[in-house]
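If you look up TrEMBL, you'll see 20-188 marked as domain 'Thiamine phosphate synthase/TenI'. Among the features that TrEMBL reports, 4-amino-2-methyl-5-(diphosphooxymethyl)pyrimidine binding site is placed at Gln39, Leu40, Arg41, Gly42, Lys43, Asn71, Ser109, Lys139. Residues or ranges marked as Mg(2+) binding site by TrEMBL: Asp72, Asp91.
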Amino acid sequence: MGPENGRDYGLYYVLDLPVQGEPAEMVAAAVAGGATIVQLRGKDIPAGQLYTTALAVQSALRGSGVPLIINDRLDVALAAEVDGVHVGASDLPFERVREIAPGLIVGVSCYGDLDRARRAVSAGADYVAFGAFFPSPTKTEAAVVPLETLAGARDLGVPVIAIGGITLDRAEGLVRAGADGIAVISAIQGAPDPGAASRDLRAAVERGRVGRTG
């Protein structure tokens, strides 16, 4: 649970566009299986297409209580009136994003940098993400972050999300190590049954929470 607002960041599904099939259907399956938050990521997707997809996904999420986050594109997040935006080092400065959009959930990628995370929290970030903890097919250039980073982030006062190369067999251990949640792409998107994959991942997160010490 997010200590600041009770929001559950346990299973954070990143829908990486483009996908085979309908994005809204994939999101609906993931949420039915237990995804607690959804991000739309479309690094090479035109703004208009991303906006249209966001509206369709938002419609699929209606009534679920699951927030929709847009990666990077604050303009699309505001235009589509989604719940939040996630920014990395090459995106708009997180301080400015918070100023422009005080009502949005703001998440910040911190890689392995605890100082960046502290600055983000001071600027009003709602959650921070660390990783990649394992080699990632989505970000092949990302440096692998030591697991101890999660323990060092426990005093930040906001939810901590682990990202990067996370598979079912790695999920429980990351939560035990200190993550409040895990962010996945291919573990759901590449699965034959995204709903079943989500159920298994969510169960692993819950086992990790039960097994966490400290």
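Cβ from N, Cα, C; glycine included.
Any TrEMBL annotation is an automated prediction that lacks curation.
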Inter-residue C-alpha distance, Asn71 (4-amino-2-methyl-5-(diphosphooxymethyl)pyrimidine binding site) and Asp91 (Mg(2+) binding site) (nearest angstrom): 9
Fewest other C-beta atoms within 10 angstroms, as judged across Arg41, Lys43, which are the binding-site residues: Lys43
Whole-number Å value for how far Asp91 (Mg(2+) binding site) lies from Ser109 (4-amino-2-methyl-5-(diphosphooxymethyl)pyrimidine binding site) (Cα to Cα): 10
Alpha-carbon spacing, Gln39 (4-amino-2-methyl-5-(diphosphooxymethyl)pyrimidine binding site) to Asp91 (Mg(2+) binding site), which is rounded to whole Å: 16
For the binding-site residues Asn71, Ser109, the one whose C-beta sees the most other C-beta atoms within 10 angstroms: Ser109
Length of the line joining the Cα atoms of Asp91 (Mg(2+) binding site) and Leu40 (4-amino-2-methyl-5-(diphosphooxymethyl)pyrimidine binding site), in Å: 15
Cβ-Cβ neighbours of Asp72 (Mg(2+) binding site) (radius 10 Å): 21
Local backbone state of Gly42 (4-amino-2-methyl-5-(diphosphooxymethyl)pyrimidine binding site), from DSSP in three classes: coil
Where Asp91 (Mg(2+) binding site) sits in the secondary structure, as DSSP reduces it to three classes: coil
Residue pair Asp72 (Mg(2+) binding site), Arg41 (4-amino-2-methyl-5-(diphosphooxymethyl)pyrimidine binding site) - Cα distance, angstrom, rounded: 8
Cβ neighbour count (within 10 Å, all chains shown) around Leu40 (4-amino-2-methyl-5-(diphosphooxymethyl)pyrimidine binding site): 28
For Asp72 (Mg(2+) binding site): DSSP state (helix, strand, coil): coil
